[in-house]
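Asks: So TrEMBL has the following annotated:
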DOMAIN    489-538  domain 'Cationic amino acid transporter C-terminal'
TRANSMEM  48-67  transmembrane segment
TRANSMEM  79-101  transmembrane segment
TRANSMEM  113-133  transmembrane segment
TRANSMEM  175-194  transmembrane segment
TRANSMEM  201-223  transmembrane segment
TRANSMEM  235-257  transmembrane segment
TRANSMEM  278-303  transmembrane segment
TRANSMEM  323-346  transmembrane segment
TRANSMEM  396-418  transmembrane segment
TRANSMEM  430-448  transmembrane segment
TRANSMEM  460-483  transmembrane segment
TRANSMEM  520-537  transmembrane segment
Amino acid sequence: MALRDVLLSVAQTPHRLRRRALVTWTPAQELNEVRDRSGARMARRLEWYDLVGLGVGGMLGAGVFVTTGRVARDTAGPAVFASYVVAGVSALLSSFCYAEFAVRVPVAGGAFSYLRVTFGEFVGFFGGANILMEYVLSNAAVARSFTDYLASTCGVTEPNAWRVEVEAIAKGYNALDFPAVALILLLTACLCYSTKESSTLNMVLTAFHLLFFAFIIVAGFWNGSARNMVTPGGLAPYGVRGVLDGAAVVYFSYIGYDSASTMAEEIRDPARALPVGIAGSVLIVSALYCLMSVALCVMLPYTEITESAPFSSAFRDKAGWRWASNVVGAGASIGIVASLLVAMLGQARYLCVIARARLVPAWLAKVHPSTGTPMNATIFLGLCTASIALFTELQIVFEMISIGTLLAFYLVANALIYHRYAKVGATRPLHVLLFLLLLTLSSVGFSLSRRIDGKWRWGMALFGAMSVAVVAIFHCTAQQGAAGPPSEWTVPLMPWPAAASVFLNVFLMTTLKMRSFQRFGIWSLVITIFYVCYGVHSTYTAEENEIVNAMIHDANADILS
């Protein structure tokens with residue numbers, strides 16, 4: 001591009017932002033015109049049970065083996081199971097919102113597509129970029145955890161024994177994890193080959209993984225003591241605040257159901273399979289997470305739980321059960337592979353659809369004609385994930401995980417309410433936006449009141465009652481949008497489930513540490529700058545070209561006629 005064109009584009013940035021930032025697409029456009037930009041289409045080869053398997057496989061390995069030990073020891077104590085309950089309820093409500101959108105807009109873009117058809121291009125890009133960040137970071141964290149459990153399977157107890165430490169690199173980034181990199185690259189190659197075969201591999205891995213879960217739960221309860229749940233310090237030594245803070249940390253364990261929604265283009269019967277696959281997998285995994293966390297805490301007092309491979313360590317430290325440590329290490333390793341497989345499947349489809357929208361380079365949107373997979377996006381994100389997993393320790397990665405996911409799920413819940421009542425229904429948009437603003441402000445007030453001790457307890461009651469009143473008034477005054485054809489699945493009892501999702505996501509975000517918000521702020525600035533410098537110009541130029549091409553086509557048609 002010539003320097004003159006660059007300067008002209010920079011000068012027109014404000015005008016282009018006004019034209020593009022709030023532009024929305026219809027579901028029909030997403031399903032046809034936008035999807036066609038990938039060239040070949042993704043093959044529809046998946047059934048509802050594939051989706052359940054992908055959802056369960058995507059969630060099981062990520063959370064319980066990576067965060068449970070840390071949260072039990074440092075944040076929630078033996079009540080870590082309650083943290084999983086809170087996070088699970090929030091994830092279930094969010095999954096309902098995702099399921100309805102996935103049925104209405106069955107494309108691979110997940111939150112990006114749902115937000116773009118509702119709130120416009122910039123909000124969609126902002127939400128989609130945050131989900132992508134969460135995917136890459138959580139996959140890197142899970143891959144590094146794989147090294148810990150694989151070493152435990154072989155009887156190695158030193159956390160960094162299979163990593164290469166380089167003194168010349170800053171601490172926290174100097175333990176190079178080559179096994180994690182090898183795993184990511186292997187799975188990247190598998191995902192480039194075929195989605196159906198990847199789903200079959202996931203089903204096999206998940207079946208073995210569930211057997212290991214059953215072994216850990218039964219053996220843990222058999223070998224443990226209920227006394228460890230209350231000694232020392234009681235069931236919740238860090239109080240209710242610790243349980244809620246723990247819920248925000250373990251929430252990233254549920255990102256796998258989001259992966260299931262990105263498979264919408266590859267499912268034979270989206271209207272039936274998506275609600276079953278998304279919500280069903282969340283329910284199954286929530287129950288297993290709770291049982292696993294209780295099994296861990298009955299085996300050892302929470303003060304003795306280790307950060308690295310906590311389940312293997314718990315069995316290894318119990319007399320007569322050292323052999324089980326190797327079994328648990330093998331089972332955890334299999335579960336982590338399944339989790340990574342599904343998460344990497346989802347992240348590539350997010351990037352593919354963002355590229356279809358021309359917000360990132362278009363070559364990332366290409367679907368390979370013979371494999372039916374977004375190969376370019378899969379390879380690019382695989383390399384990004386491998387790079388982070390090679391250098392970055394878990395603690396640094398954990399500080400960025402959850403906040404982007406919570407924000408994206410918060411936006412999707414708001415989008416569902418707006419789509420139902422303003423875009424599809426007859427209720428005025430300003431009325432809906434005012435409701436969403438009041439709901440968010442009352443949720444923030446409740447959440448901040450909880451963090452202030454003493455006299456501010458009354459604030460929780462005040463803002464909690466205000467949140468309920470705002471939803472009740474809106475429910476009574478707003479006109480429900482058209483639910484769509486009878487064959488489509490919709491969230492029942494609206495707007496209450498979506499409003500509860502908004503409330504819980506705001507609540508969990510406020511429990512995160514300040515460093516999470518600082519790093520999130522930096523990432524948000526990067527997203528915004530990228531959109532202003534590249535995304536808005538790319539989409540604006542493409543739109544102009546399409547208009548010109550359409551005019552030329554019409555002129556030629558008139559001449560020929």
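Yeah, the Cβs are placed from backbone N, Cα and C, and that goes for glycine too.
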Asks: Does the transmembrane segment (278-303) reach the transmembrane segment (113-133), going by 3 or more CB pairs under 8 Å (6 or more apart in sequence)?
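Replies: Taking Cβ pairs at least 6 residues apart, the transmembrane segment (113-133) and the transmembrane segment (278-303) are not in contact, as fewer than 3 fall under 8 Å.
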Asks: Mind checking which residues of the chain, 6+ beyond the ends of the transmembrane segment (430-448), have their Cβ under 8 Å from one of its Cβ atoms?
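Replies: Contacts of the transmembrane segment (430-448) (Cβ under 8 Å, skipping residues fewer than 6 from its ends): 414, 417-418, 421-422, 459-460, 462-464, 466-467, 470-471, 474, 477-478, 499, 502-503, 506-507, 509-511.
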Asks: Could you name the stretch, out of 113-133, 175-194, 235-257, with the greatest number of CB pairs under 8 A to the transmembrane segment (79-101)?
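Replies: Between the candidates 113-133, 175-194, 235-257, the best contact partner of the transmembrane segment (79-101) is 235-257.
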Asks: So what pLDDT does the domain 'Cationic amino acid transporter C-terminal' (489-538) average out to?
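Replies: Across the residues of the domain 'Cationic amino acid transporter C-terminal' (489-538) the model's pLDDT averages 86 on the 0 to 100 scale.
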Asks: Near the transmembrane segment (235-257), which same-chain residues lie under 8 Å Cβ to Cβ, leaving out any that are not at least 6 residues past its ends?
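Replies: Residues 54-60, 62-64, 66-68, 70-71, 75-80, 82-84, 86-88, 90-91, 95, 98, 134-135, 138, 229, 278, 281-282, 285, 289, 302, 339, 342-343, 346, 398, 401-402, 405-406, 450, 507-509, 511-512.
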